[in-house]
Amino acid sequence: MNALERLEKLLDKEQFEKVKAIDNPELHEFLAEWIEWLEPDKVFVCTDSPEDEGYVRWKALYYGEERMLETPNHTVHYDNYYDQARDKANTAILLPGGKKLPYINTKDRDEGLKEIRELMKGIMKGKELFVCFFVLGPKNSIFTIPAVQLTDSAYVAHSEFILYRKGYEEFKRLGRSARFFRFVHSAGELDERKTSKNLDKRRIYIDLEDETVYSVNTQYGGNTIGLKKLAFRLTIKRAVEEGWLSEHMFLMRVNGPHGRKTYFTGAYPSMCGKTSTAMIPWENIVGDDLTFILPVNGIARGANVEKGVFGIIQGVNPEDDPIIWQVLHSPVEIIFSNVLVKDGKPYWNDMGIEIPDEGENHSGKWWRGKKDAEGNEIPPSHKNARFTVSLEHFPNVDMEALENPCGVEVGGMIFGGRDADTWPPVREAFNWEHGVITMGASLESETTAATLGKEGVRAFNPMAILDFMSVHLGDYLRNYLEFGRKLKKTPKIFAVNYFLRENGVWLNHKLDKAVWLKWMELRVHGDVEAIETPIGYIPKYKDLAKLFKDVLNKEYTKEDYERQFKIRVPELLAKIDRIEEIYRKLDNVPEELFKVLEEERQRLLEAREKYGDYISPFALEGE
């Protein structure tokens, strides 16, 4: 029996007709094999119709994975108390012959596939399987990658309808030519709160060879929403093989003089200011997380992989995040996850208003002072609690850029690190190679006391992508360098650091980043000059003073400028030593990396000879 004949036996007539309409034997074989293996009681195939999406939304409520809140279209979902984040220990890239890659949790492919198949055999008995079709990137475009998701979680399917563009018609259009990703997920057995029960058997395995990801015994979005960070591993590999970039970056529009629109991408490790940069109220957002960048006629063009936001809700407050706050209080479709609910209203940590002393949260019935099994006090919401919402509901979204099948020209790329004493607030690279190596490939994030218990530890995180890397870091960087060489017009590269401190005091205010963005926009078009330093170009005082007045209506003093933009030679040299040591331990790193780092070291040493350890920007401007 061929796959279609098997599917005709497995599906009811209506669902079978939906699958049959897609002329792709490879898809049919995949569906037949997994429906037979998972043994669901019922299968629902989603087309692009609003009715099918509505069915999934209803099933999330019907099966108890989501519950309605007071505001229309708002629902809440809870994950198991111990299923609240990406499970790094049980997430592995499957590689043949037990191959290993630096910084990546790998597993022998044959072993991994055998284990996951055993865990998934018959796991959907008594459950409904949803077959959903989506695309990564805008539809019918150079960026489009089709994907099919199998899941028994209506919550996961519902999340994907909010976050991704529907792809059923795209599968029909592409037919046999579709090179599609596959995702197979089961939440496994559920407890009385409808959360995954068998967390000891939680596995997330990424099979690069078949471009398939398996996820089992988990519901948390980062482990289960196939098209997000799971697909990201697949697209990184595809991009390296095909010569484009799949990046952990926001995509935003910065509005320049006389109505000029300039687009920037930005890669920042967590807690480094990525979302707050992308959400500056008077600029425009295209995407907050993942960006594809392709070379088109010698120009780098970027597109948002997604169409929605799966955002961290902790700390969202009306003063610092007016746009997100406004969206979260509108009657638009939103899934809140792992927040506190009292009388149908959601509450979360550090929201800037009074939080009730009791209610329900990810731990079940909650009261202030409640402790978990380990004796830790349980906060009102989990620190990784989320909101899932479509970007179309953001007043500052650039819809035209979001849906443009040609993407937008990338004028600048920003790498955002976090340290108290090394990088200046903003600088521009001398050229593509210098930016890729001394900014992107050298990205570090200084941990705060809250995250690791040790303040001031610098975590190496090149391009903010290390957690999701699926190829050798050397191959990834080689592709980056090559990508720039292919372009007739390379985006300018910038590095930012919002976290400088002196004697324990912050040197910058939260909104100063709005000024750095405007300066970068002017530099992309050559509208202002800059000061050449050993580590790149920095702004001139007069330009920043004008921008602070224009953008923030603030006086900007020469003292502030000097403190922020002095070149800190000892710290910069120590950083080069750290980064070089890391890359020396890896094989297969482009030789160019060491050459560019050495050139920077020599420039710093020469400058120290002339000016000393700490160099005023005014001294360099006078040259």
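The backbone N, Cα and C atoms fix where each Cβ goes, glycine too.
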Self-check item: Candidate from Asp191, Asp288, Asp289 that Swiss-Prot assigns to the same Mn(2+) site as Lys229, His248
Solution: Asp289
Quiz item: Given the substrate binding site residues Arg86, Tyr220, Gly221, Gly222, Ser270, Asn384, Ala385, Arg386 in the record, what is the largest Cα to Cα distance, rounded to whole Å?
Solution: 18
Practice problem: Rounded to the nearest Å, what's the C-alpha distance separating Lys229 (Mn(2+) binding site) and Gly221 (substrate binding site)? Just drop the number here, would you? | Solution: 9
Quiz item: Expressed to the nearest Å, what is the distance separating Arg418 (GTP binding site) and Ser270 (substrate binding site) at their Cα atoms?
Solution: 10
Quiz item: Can you tell me the three-state DSSP label for Asn384 (substrate binding site)?
Solution: coil
Quiz item: Tell me, by DSSP, whether Asp289 (Mn(2+) binding site) is helix, strand or coil?
Solution: coil
Quiz item: Around Asp289 (Mn(2+) binding site), which residues of its chain at least 6 apart sit with Cβ under 8 Å of its Cβ?
Solution: Lys228, His248, Met249, Phe250, Val305, Glu306, Val309, Phe310
Quiz item: If you skip the near sequence neighbours and keep only those at least six away, which residues in the chain come within under 8 angstroms of Thr275 (GTP binding site), Cβ to Cβ?
Solution: Phe250, Asp288, Gly311, Ile312
Practice problem: Give the sequence-ordered set of same-chain residues, not counting Lys229, His248, Asp289, with Cβ within 8 Å of the centre of the Cβ atoms defining the Mn(2+) site. | Solution: Lys228, Phe232, Leu290, Phe468
Practice problem: Taking the residues Met271, Cys272, Gly273, Lys274, Thr275, Ser276, Arg386, Arg418, which the record names as binding GTP, find the longest CA to CA distance and state it in Å to the nearest whole number. | Solution: 23
